[in-house]
Amino acid sequence: AYSWDNRVKYVVRYMYDIDNNGFLDKNDFECLALRNTLIEGRGEFNEAAYANNQKIMSNLWNEIAELADFNKDGEVTIDEFKKAVQNVCVGKAFATFPAAFKVFIANQFKTVDVNGDGLVGVDEYRLDCISRSAFANIKEIDDAYNKLATDADKKAGGISLARYQELYAQFISNPDESANAVYLFGPLKEVQ
């Protein structure tokens, strides 16, 4: 479940393919703009935040389409996305990622940091995990957090934005299945 191939499939399926049709298209990113606005506002709708999220997600879609829509049909398949990630991200640090990817990762952090304190603690990590997958035992989630977070993270009270960016970059760019970053989105299941 922690292979690079499965992790990239996981990102497509659970992070971007919000309409669950099996590929990425402009609609996914329009829906993500609204979703992120509501999560960031804890259910409150803010027009300015929505306009900002629409711009961010439109830019992200345009960049993903440019990098990954190899046949220019307006859809990015999992295989196309994997090829693009391999070309642009594998073996690279967060600082060298395309600008839209960096903005998306920072925004993703904001949706996980529900209390807005600048850290993702175990409580927020648990909420993030259960929003995408089914778990019957909290120990499974907590064990994953303990494998993800370093002693310094735990001492600070959670994972900072800079650390989250580093972990996200490793999640999609590092083929090493033993890296602690493989637990960024919780215990993973095999993506079909």
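Using N, Cα and C of the backbone, Cβ positions are placed for all residues, glycine too.
What you see is a predicted model, and the numbers here were worked out from it, not measured in a lab.
The feature Ca(2+) 1 binding site is assigned by Swiss-Prot to Asp17, Asp19, Asn21, Asp28, with sequence analysis given as support. Other C-beta atoms found within 10 angstroms of the C-beta of Asp19 (Ca(2+) 1 binding site) number 14, with every protein chain shown included. The DSSP secondary structure for Asp19 (Ca(2+) 1 binding site) is coil.
Annotated Ca(2+) 2 binding site per Swiss-Prot: Asp69, Asn71, Asp73, Glu75, Glu80, in sequence order, evidence recorded as sequence analysis. Secondary structure at Asn71 (Ca(2+) 2 binding site), as computed by DSSP, is coil. The 10 Å shell around the Cβ of Asn71 (Ca(2+) 2 binding site) contains 9 further Cβ atoms across the protein chains shown.
Other C-beta atoms found within 10 angstroms of the C-beta of Asn115 (Ca(2+) 3 binding site) number 12, with every protein chain shown included. DSSP assigns Asn115 (Ca(2+) 3 binding site) to coil, not to a helix or a strand. Per Swiss-Prot, Ca(2+) 3 binding site is recorded for Asp113, Asn115, Asp117, Glu124.
Under the heading domain 'EF-hand 1', Swiss-Prot lists 4-39, citing sequence analysis as support. With a cut-off of 8 Å between Cβ atoms, the residues of this chain six or more beyond the domain 'EF-hand 1' (4-39) that come close are 45-46, 49-50, 53-54, 56-58, 60-61, 64-65, 68, 74-78, 81-82, 85, 90, 107-108, 110-111, 114, 132-133, 171-172, 174-175, 177, 182, 185, 188, 190-191.
Marked as domain 'EF-hand 2' by Swiss-Prot: 56-91. Counting residues 6+ beyond its ends, the domain 'EF-hand 2' (56-91) has Cβ neighbours under 8 Å at 4-5, 8-9, 11-13, 16, 22-26, 28-30, 32-33, 36, 97-101, 103-104, 107, 169, 172-175 in the same chain.
The annotation domain 'EF-hand 3' is assigned in Swiss-Prot to 100-135 on the grounds of sequence analysis.
Shown for the domain 'EF-hand 4' (136-171): DSSP residue counts in helix, strand and coil, namely 28 helix, 2 strand, 6 coil. Under the heading domain 'EF-hand 4', Swiss-Prot lists 136-171, citing sequence analysis as support.
Sequence-distant contacts of Ala1 (N-acetylalanine), defined by Cβ-Cβ distance under 8 angstroms and a gap of at least six in the same chain, are Pro187, Leu188, Lys189, Glu190. The annotation N-acetylalanine is assigned in Swiss-Prot to Ala1.
One way to see the shell of the Ca(2+) 3 site is to take the Cβ centroid of Asp113, Asn115, Asp117, Glu124; the remaining same-chain residues with a Cβ within 8 Å of it are Val112, Val114, Gly116, Gly118, Leu119, Val120, Gly121, Gly158. For the binding-site residues Asp17, Asp28, Asp69, Asp73, Asp117, the greatest number of Cβ atoms within 10 Å around a candidate Cβ is found at Asp28.
The number of other Cβ atoms within 10 Å of the Cβ belonging to Glu124 (Ca(2+) 3 binding site), over all protein chains shown, comes to 19.
Of all the binding-site residues given, namely Glu75, Glu80, Asp113, the one with the smallest number of surrounding CB atoms inside 10 A is Glu75.
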